[in-house]
Amino acid sequence: MHIDHSIWVWLLLGTSILAAFLRAQTASLSLLAATLLGGLIAGVLSPLGLIIIVTFLTITYYLKNKSPLPPVILSTVVIIGSLALFLHLVPGFSNPQVLQNVQAGPLSADFSMYLNLDKPLAFFALLLAFPALLGENRKINYRTILLISTPLFALPPIASLLGAIKPEFSIPNWWWLFAFNNLFFTCVAEEALFRGFIQQKLTNKYGAYIGVVVASLLFGLAHFAGGPLLIVFASLAGLGYGLIFHTTGRLWAAALVHFLFNFSHLLFYTYPILRG
């Protein structure tokens with residue numbers, strides 16, 4: 001485990017994301033600006049990367065609030081830009097590797113992890129493009145969440161029966177770094193794109209069934225690098241996250257359940273997969 005000297009940049013970014021969920025827009029944008037400036041100072045964001053990100057966020061804001069162009073143009077721009085950030089195709093980012101070939105337990109395959117600055121920035125573009133991204137304030141039915149979560153958390157045991165993973169209780173010394181990174185910079189970004197943006201847009205136009213199912217399938221396809229079995233399981237997990245978001249109306253609920261699913265995988269099963 002290597003704690004990079006620039007980790008304070010991600011602490012700023014995480015606080016900015018938290019402020020956004022608390023609907024503190026001014027504080028969130030101020031912290032985002034501090035994050036970008038900090039990234040430049042720390043050397044994890046180049047001047048070119050800064051220009052590209054600021055331009056992307058500015059264009060997104062303009063298309064949403066000032067442009068007479070049809071909404072489909074905005075959706076296309078923000079999805080393409082977000083995917084470029086997700087796939088690390090935008091130049092100017094030097095994401096530090098904080099875990100290299102570590103093992104969660106003796107049966108677990110090697111695992112490496114980066115602190116990504118580019119991927120979580122897509123959250124802010126999506127929020128600027130679609131202010132309803134965070135969902136709405138409605139009464140939460142915790143029994144419904146439990147009913148949805150039960151089959152969702154049954155997926156790892158099924159994967160274990162298929163031989164992809166095996167039960168293995170472990171608390172690696174880097175669990176806190178995994179949790180911080182996974183919650184704020186993986187789950188939030190992914191739920192913002194697939195549930196907050198894509199699912200809501202499709203639901204508004206075609207209904208909840210299409211919105212939840214299509215967003216879940218796209219989420220599964222996004223995991224194509226892991227092979228067909230991972231695509232299937234990610235699609236099923238995405239269905240669970242989508243139903244959580246649909247029933248609660250809150251993006252934070254979907255992101256939190258997504259994180260708890262990933263974290264329980266780390267604690268109770270071989271992570272990320274069984275050692276070959």
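Numbers here mean position along the shown chain, with the first residue as 1.
For all residues, glycine too, the Cβ spot is worked out from N, Cα and C.
Unlike curated entries, TrEMBL annotations are predicted automatically.
Note that the structure is predicted; figures quoted are calculated from it, not measured.
Under the heading domain 'CAAX prenyl protease 2/Lysostaphin resistance protein A-like', TrEMBL lists 173-263. Marked as transmembrane segment by TrEMBL: 36-63, 72-93, 113-133, 145-162, 174-194, 206-239, 251-271.
Contacts between the transmembrane segment (206-239) and the transmembrane segment (145-162): present, as 3 or more C-beta pairs lie under 8 angstroms, all at sequence separation of six or more. Shown for the domain 'CAAX prenyl protease 2/Lysostaphin resistance protein A-like' (173-263): DSSP residue counts in helix, strand and coil, namely 83 helix, 1 strand, 7 coil. Among residues of the same chain six or more beyond the transmembrane segment (174-194), those with a C-beta under 8 A of the stretch's C-beta atoms are 1, 3, 10, 13-14, 17-18, 79, 82, 86, 98-99, 102, 113, 115-116, 119-120, 122-123, 126-127, 133, 215-216, 218-219, 222, 238, 241-242, 245, 251, 254-256, 258-259, 262-263, 266-267.
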